[in-house]
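Per TrEMBL, the features are as follows:
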DOMAIN    31-355  domain 'Aminotransferase class I/classII large'
MOD_RES   Lys225  N6-(pyridoxal phosphate)lysine
Amino acid sequence: MTVVPKRSLMSLEPYDPGPLPRDLAASLGRPVIPLNANESPYGHSPSAEDRILKVLREGLNRYPDPLARELRGALSRHWGLPEDCFLVDNGLDGVITLLGITFLEEGDEVLHGGVTFSVYRSLAGRLGARSVEVPMRGDWSLDLKGFAERITPRTKLVFLCNPNNPTGTVFSHGELQEFLEKVPPGVLVVCDEAYGDFADLPDFPRTAEMIAQRDNLVMLRTFSKAYGLAGLRVGYIAGSKRVISHMRRAKEPYSVNALALAGALGALEDMGFLRSVVERVIREREELQGGLSALGVSFVRSYGNFVFLLFGASSDRVFHGLVERGIMVRHYGPLGAVRVTVGRPEENRAFLDALKEVLLEVRLG
């Protein structure tokens with residue numbers, strides 16, 4: 001007899017990140033442009049670096065604060081919620097896993113969009129819960145009405161990615177309010193706003209304000225995207241004191257290291273840097289979408305730091321053609337789509353030039 005994993009894992013595939021940029025560059029013999037992971041091309045704040053260097057000078061022989069009190073205090077001031085309404089963990093993947101460990105029993109249902117962040121689906125499988133996909137609307141946006149209709153007595157978590165990854169679509173404050181009125185109090189609604197900093201929608205949900213009035217609503221945010229700290233892995237959740245206290249029971253005590261805590265604190269102290277990055281990304285996103293329109297490419301209007309391109313049956317050839325030219329993008333083969341991260345101006349131009357060549361090859365057969 002051999003050792004076997006739990007049955008609920010058997011339907012899952014290990015995460016495949018694809019080749020690293022340096023490995024692809026070595027195989028191609030040329031530099032590559034990584035536009036596949038929705039990272040910031042503008043680095044991190046000098047304030048974050050200063051905080052990290054201070055910790056290095058003091059030494060790494062002591063454990064970090066397991067409660068992340070200094071960072072939670074800064075988040076409290078930033079969002080206007082009590083410090084006890086925040087929990088910090090090892091990236092949003094860590095936060096999402098902790099949500100599942102805290103609230104999911106075997107057989108519970110997890111609702112999520114049909115085309116959205118894949119971790120929601122894998123969370124259910126890892127913990128023996130049932131993944132329930134809500135089909136997307138015709139414009140690739142989340143169907144909040146469809147979500148409400150699929151809530152059952154077994155539903156425990158509802159994941160709403162806003163802006164949605166990978167499609168870049170958003171829902172408004174009013175739409176979220178209307179949806180929440182239909183949600184039973186025993187169902188926890190998780191608004192994943194990892195890309196919320198890039199959402200230039202006038203009526204983007206003011207989720208933090210709603211948390212003060214609703215016990216079954218939480219907000220997820222990360223330092224990996226607009227703050228440029230993807231390599232440190234810091235994410236956090238804002239929710240009611242009751243929800244956060246339950247999650248603290250299940251949290252590993254030292255899941256966020258001292259350098260990550262310091263970098264996140266420094267980044268949060270430099271709002272000028274954040275605003276500069278967000279402004280540049282939004283400006284370049286609009287330029288990129290204009291370039292795609294000029295090429296006749298179908299895409300979904302985005303409010304994130306990426307764009308979802310629709311190629312249908314040609315997507316495989318487009319993807320491989322871009323990779324051969326050193327442009328790394330994310331391929332969604334079954335959807336006939338490709339997701340490209342908004343890069344620096346010169347990176348976006350290189351992508352558009354490469355895409356133009358690839359499309360010509362595809363059209364010529």
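Cβ atoms are placed via backbone N, Cα and C, with glycine included.
Summarising the environment of Lys225 (N6-(pyridoxal phosphate)lysine), the number of other Cβ atoms within 10 Å of its Cβ, over all protein chains shown, is 26. According to its DSSP assignment, the residue listed as 'N6-(pyridoxal phosphate)lysine' is coil.
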